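Below is one structure, written out as structure tokens; comments come after it.
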Amino acid sequence: MTIDKFLSTGQPSDLVRIVSAILLTIVSVFGSVFNTLVFVSLLLRVKKKDGFLKICCTKSFGNDIVCIGYLFWPIPVTFLNDYFMPHMFNAFMGQLVGWFGWSIGPLSQVLLTSNRVLAVFFPHLYHRTYRFAPSNVGIVICLVLSFLLFIAFFPEDCHYLYSLKDIGWLPEESFCTSVRRSIFIVSMIIIVIITSICGFLLFFRLIADSNTMSTIQSTSRKSKNKKILFQTLTQNFLILLDTLNTTMTYKLFPVLFFQFLTLSFSMVFLRAFEGFIMYAMNERINKGVRALLGYKTTDQLKTLQGAPSMMIWNVSSTSRHMN
């Protein structure tokens, strides 16, 4: 097959379909492994008052649903070139992956930003003892909203379906889905703008606080703050990119394979990449995953070698849970 035929429009050829299924399999397995490791490591070590890690655990749970959901439905369907289950199962998986699992990510991002803002700007409220921890309440609200989105669009002509013809998830053409798409885009843009603004405010506030410390403490704190800002902006960018890809960007490409990359592959790839970002950028999550896999951390190695543990800088009360 020539490259022109591979990049043709219209019905997908067998080669395009198989290549697409292989790409989805690779990235879905990668995303499932990373997000499961993050989820399990946090679930096993999260403390009662550690709201930040509990929210990260929730976010990885949502990412896992998307990545594992691909392995259960779109990938087998694409390989077999056949809908081997009834229509309602396709609708169910679309609601589970495209609404319940997907929406947990942006909602968790709002919780993470709120947690950081409360810790930095209102430490007296952050460290208060509550009957019901604010992070727990936020997580419950996040999951309830995601579940409502899951069941709200089950009526006929309002489904989110996996299409073999387009090798991607698409809503049915109806008034219901057009209204839903508009609300969805506006909501995601608002979330990205608000969380990004809060990210910059946090960055500048923490930089200002670090100027009152010693040189070593200040350098370490600034490096840490840059990581926090980078992680926040990266996760916001992923939300915005995925929102645009699944609603508008794919329409710009007449070539089916490019539509697949922006419409279907993008959704699972960005969830896999976010799992990697949480592992790579957060020291406590990194240590938790390594401990789960049986790797010795630096502190453990120092202890085994008889070397005294040294604290480079003391964590202040306003950022104790912001690693």
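Note: Cβ is positioned from N, Cα and C throughout, glycine not excepted.
Because TrEMBL annotations are produced automatically, they should be read as predictions rather than curated entries.
Quantities reported herein were computed from a predicted structural model and do not represent experimental measurements.
As given in TrEMBL:
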- 20-44: transmembrane segment (TRANSMEM)
- 26-282: domain '7TM GPCR serpentine receptor class x (Srx)' (DOMAIN)
- 65-85: transmembrane segment (TRANSMEM)
- 91-112: transmembrane segment (TRANSMEM)
- 133-154: transmembrane segment (TRANSMEM)
- 183-207: transmembrane segment (TRANSMEM)
- 228-250: transmembrane segment (TRANSMEM)
- 256-280: transmembrane segment (TRANSMEM)
> Which of 20-44, 65-85, 91-112, 133-154, 228-250 shares the most C-beta pairs under 8 angstroms with the transmembrane segment (256-280)?
Replying inline: 20-44
>> Taking only the residues in the domain '7TM GPCR serpentine receptor class x (Srx)' (26-282), give me the average pLDDT of this model.
In response: 83
